[in-house]
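Colleague: Dumping what TrEMBL says about this protein:
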- B:20-40: transmembrane segment (TRANSMEM)
- B:81-261: domain 'ABC transmembrane type-1' (DOMAIN)
- B:88-109: transmembrane segment (TRANSMEM)
- B:121-141: transmembrane segment (TRANSMEM)
- B:147-166: transmembrane segment (TRANSMEM)
- B:199-222: transmembrane segment (TRANSMEM)
- B:242-261: transmembrane segment (TRANSMEM)
Amino acid sequence: MVKDPKPYFLYLENVHKAYGDKMVLDDIDLAVSKGEFCTLVGPSGCGKSTLFRLILGQERPISGSIMVGGKPVGYPNPERGIVYQKYPLYPHLSVLDNVLLGPRFSTGIFERYSRRKEMRDEAMEYLKRVGLENHKDKYPHELSGGMQQRVAIVQALIMKPKILMMDEPFGALDPSTRENLQIFTLEIWEEFKMTVFFVTHDLEEAVFLGTRVLALSQYYSDGRGNNFGRGSKIVFDVALARRVNATAVKDLPEFRGLIQQIRQDAFDPVHFQHVTRFNLKHPDSFQTLTEEERKDL
Amino acid sequence: MKRAAWFWGLHAEPPKWLKVVLTLLPFIILIAIYLIASHIRLLDNPDDKFLPSPTKMVESVYRMAFTEDQRTGKYLMLEDTIVSLKRLGTGLSLAAVFGLLLGLNMGLFPGMKALLLPFNIFLAIIPPLAVLPVLFIVFGVDELVKVVLVFIGTSFVIAISILRTAEKIPREQITKALTLGASQLGVVYRVALPQMMPVLINAVRLSMGAAWLFLIAAEAIASTDGLGYRIYLVRRFLAMDIIIPYVLWITFLGYAMDWILKKFVSRKYPWYQVAEV
């Protein structure tokens, strides 16, 4: 059952990706509405980052269609902002210049001169928002990992992207910094009303942040037998109610239960769930399976 | 626990004063050997030219550097230095600009790399001195050919070292620049190029030795002035009293330029942190 791609901001149908003989993504179907905070988890090597790069336009799928904002995906452009775990900032630019890079790139040479004060003030506003206005003249290597990520988020935000793509942005941070940044990310998501696509390997983070949690996994079975060496599918897709932005929810039993369930469905290398029985309760979720795949052996 | 060794072994920790002594030691030994050998030879034959005494060298330097030449009315050593540095500087600067643009474009555009890299490596391997006769025929024997030789001898090597660094610019940085609204040329010239500057300066520092080599070779073969020309000219009279100070002077110039560039990098590009070369 194929969906109408029109109402969705992000729409993938029947997407396959392979590197040489190795199939990484096998038939990804995904429809994401505007304003959704999507988190994507999965065991290492399942192709999370590959899917990320496909949506970004950095790589092309071998088949299938990817639509962003109603148009087929192109090369990376300012519609999609990104925050990476590694290389968050440009090492040769000061904090302020890093934030100003986007506005400077997207203005002509005269405008860049005539509006320089305005642009600078705007960048400073954003830096104040993350409490780094006093660090504006420092170079990235003089900042801590958490500060660098905050600047990186601001650097992407100032371009007001329609979708913010984050690839394990907090993976290298210590737990308390990480929690602060999670809360910060939720705050700006609410404030800017944008769509977020957040890749992480941390289940707790995924469930805490997302309004929609997706799990990608190579551990499943279908009519072609148990899956060995085939690409990953989306095996888990549920909607989560947005709660208060308090880390206390992480201790609730429902929260832990959900994590347990995803762990079993996606991360357990001996637990093979059949494609027709995936937990895909999210209303936007859909599957384009072949007859052969549907067969229950 | 036993104190760490001062000198021997993997764990040695030479104290500061010892480091100074160790730095100076080889120089002192060399000078001492020279002075002794020179003294012995001069005892034997006061007119010996092979190992002139320091006094003789100072006299010669005074004559070359601080007295006007009778024939031309110029201070020869100053004149030689200016002429040589001009050639070296022009050749190296052109090589740096050329190497930067070539290396950067090869490093970032896969098409450019496929087109130019194998050819570039081919050109880099041709020994510049072997084609010097061709250069003399094509560019004449004036200033141009010396600059061209220095340029050829260094530019391809600089291009390759820029290429290797440009290739290592993380893909993420480039993708991110595109999401910030950069054009493809914006990525090359506003994201990658500024990051290449300290690398370029260090590549120039490393090429300096080759540049001097080619300059002196060209001056020795076809020139009427320059440091290399002077050394080869006075060699005919076995004027070691001029050759030795000139060699020391060239060494000093090379060291000074290297030091200035090194300081420039650490002052101007504080974000560029590599082990000091």
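Residue numbering: from 1, along the chain as shown.
Just so you know, glycine gets a Cβ as well, placed from its N, Cα and C.
Tell me what's around each of these sites.
Modeller: Tertiary proximity for the transmembrane segment (B:88-109) is limited to same-chain residues at least six positions away from its ends with a CB under 8 Å from its CB atoms, namely 116-117, 120, 146-151, 154-167, 169, 174, 187-188, 192-193, 196, 200, 203-204, 207-208, 211-212, 214-215.
Outside the transmembrane segment (B:199-222) by six or more residues, the chain places 84, 87-88, 91-92, 95-96, 99-100, 128-129, 132, 136, 141, 145-146, 149-150, 152-154, 157-158, 161-162, 165, 228-229, 231-232, 250, 254, 257-258, 261-262, 264-265, 272, 274, 277 with a CB less than 8 A from a CB of the stretch.
Below 8 angstroms of C-beta separation, residues 52, 57, 60-61, 64, 77, 81, 85, 201-202, 204-205, 208-209, 212, 216, 227, 230-231, 234-235 of the same chain, each at least six residues beyond the ends of the transmembrane segment (B:242-261), sit close to that stretch.
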Colleague: Are there residues at least six beyond either end of the transmembrane segment (B:20-40) with Cβ under 8 Å to its Cβ atoms? List them, or say none.
Modeller: 7, 14, 51-54
